[in-house]
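Colleague: Structure provided below as structure tokens; questions to follow.
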Amino acid sequence: MLKRLQVKNFRCLEDIDLPLGPLTAIVGPNGAGKTTILRAIDLVLGDVWPSLRSFRIPQDFINFDTTRAIEITVHFDPPYTQGSFNITAFRLTCKGEDADFHVDLEPLDEGGNVPRYPSGNPLRVGTDMRNHARVLFLDHRRNLAQHLPSIRGSILGRLLQPVRREFKLQDNFKQVYEQAMDLLRTEQVKQIEKTIAETAKQMLGFLGKDAMKSMEIGFGFADPANPFNSLRLQYRESDLTLPGDELGLGIQSAIVVGIFEAFRQLGEKIGTVIIEEPEMYLHPQAQRYFYRLLCEMADKDQCQIIYSTHSPIFADVNRFEALRLVRKDRDDRVVVSYVREEDKSALDNVRNRFKLGGRFDTARNEVLFAKRALLVEGYGDRVAALQLFNQLEVDPDAECIAVVDCGGKAGIELIVGVCKALDIPFVVVHDEDVWPIDERADEETRRKQEQENKAEQEKNQRIQACAGAERVFVVQPSLEAALGIGRNASDKPYRIAEILKTVDVGQPPDALRPFVEAIRQVTRPMEE
């Protein structure tokens, strides 16, 4: 598994150092450097051996400055052992002057040094050594040709390795061509084919059941003399058969998801897979399916998944340990923010207190793509915020402000922790939810009210402690009460919106002033 990436002077990456986990989601705005990070890993460990032809000179040098050497170091674990040497990283450099450039790929030991033999000669990176940490890179094009068995290191190539051994036992292939195709379709081939076809059809289900009935996805062999290197996925509809790589990118993407599902079901280990924008060409339901599939494969140690994304489905605040937020600072340098090891335990405790239902709302993940965030307690509060933005003549989308329904106060704690770890500026507004005790009630009811008030006070204190008092605005006792809406009223969001339309935001009622001030603050420039 890859553990760490260091990049210097490659394209827009002047100097970054980021940890890599079993599942790593690289998020950030367009042009921040997400794809460059993936390309850096692919240069060192991808399908093509790195050489001078791997680089564009001077375009791949930062600011086109060829005097600053490109250096990409990828660390991995477990180490590769060769004799007495333990190799834990590879370093790729491209440097030179006066048009005399050269590229070096060097192995590094635990101390970050190139090991040397007793003779003084340095250890060199060989094919076996590089294959120890090799990665499979899937770019945004989703071309099925990337996955065919003829492509070195492809997913289907790895899936079919045991099938090749099984097929070698069939010694009459050359004698009877008519029987050859049946012989090629061993039980494992059939199982792989079935899984890919069923998953792809599931991904394409939005076309309708009638369309699915006339569609088949399966294997075809382009060259019977070299069956498994020429195996390809075919798409059959009515009497028409087409190679999979001739189809639209949406169908090809669905078939790619099917290939991953086949790997998951067979329990095979892939190594490290790098995916550029896994959401590409998939509708939302298919995106959620693919995301769960990737998470399960990473959780079960079938493979390491590293991907870039613009989708709130694939950027999940509940998996905060996987997030790497890439942005440019005021000096136009790329910086990467992530949850540090020392903060993970506290955030994990908050996550465990989070309401289960709130964990499945991908809308709150939009906070990861915002320049600033207004964190509110629930859906009604979000409706109120959007209505007040409108009355203040501020477009939150145009200002890249996320209005986030956190799903309760525990959710606010979680999102605040993630925002702080990733340096996302934020403001919080929530209800106090501390109500006067009804002295006319019986003792048991009063005791229950006191316990509820105490619990809310503790929640409020935790929010203020984690967010900072200057970022927290509290409506007393609640937004509904401030607007004259009963605690048990029905259709609260609609009532909130209708009443707020009549509010003068220039001179709001005192009870509503904290909410308006929170919105005013989040619209101002804020320090990260």
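Cβ from N, Cα, C; glycine included.
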Colleague: Out of GLU366, GLU377, GLU498, which does Swiss-Prot tie to the same divalent metal cation 1 site as ASP431, ASP433?
Modeller: GLU377
Colleague: According to Swiss-Prot, SER478, GLU480 bind divalent metal cation 2; so which of ASP381, ASP395, ASP397 is the extra one listed there?
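Modeller: The one candidate that Swiss-Prot places in that divalent metal cation 2 site: ASP381.
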Colleague: Which residues, in sequence order, are found in the same chain with Cβ within 8 Å of the centroid defined by the Cβ atoms of GLU377, ASP431, ASP433 at the divalent metal cation 1 site, excluding those residues themselves?
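Modeller: Near the divalent metal cation 1 site, the remaining chain residues are GLY378, ASP381, LYS409, HIS430, GLU432, GLU456, VAL475, SER478, LEU479.
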Colleague: Between the Cα atoms of GLU377 (divalent metal cation 1 binding site) and GLY31 (ATP binding site), find the distance and write it as a whole number of Å.
Modeller: 32
Colleague: Please give me the recorded positions out of ALA32, GLY33, LYS34, ASP431, ARG487 that lie within 10 Å of ASP381 (divalent metal cation 2 binding site), comparing Cα atoms only.
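Modeller: Near ASP381 (divalent metal cation 2 binding site) by Cα: ASP431.
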Colleague: If H, G and I count as helix, E and B as strand, and all else as coil, what does DSSP give for GLY33 (ATP binding site)?
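Modeller: Coil, per DSSP.
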Colleague: In whole Å, how far is GLU480 (divalent metal cation 2 binding site) from ALA32 (ATP binding site) when you measure between their Cα atoms?
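Modeller: One finds 41 Å between the Cα atoms of these residues.
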Colleague: Near SER478 (divalent metal cation 2 binding site), which recorded positions out of GLY31, GLY33, THR35, ASP433, ARG487 have their CA within 10 Å?
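Modeller: Close recorded positions: ASP433, ARG487.
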Colleague: Consider the recorded positions ASP431, ASP433, GLU480, ARG487 and say which one has the Cα lying nearest the Cα of GLY31 (ATP binding site).
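Modeller: In terms of Cα distance, GLY31 (ATP binding site) lies closest to ASP431.
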Colleague: Compare the Cα of GLY33 (ATP binding site) against each of the recorded positions ASP431, ASP433, GLU480, ARG487 and report the nearest.
Modeller: ASP431
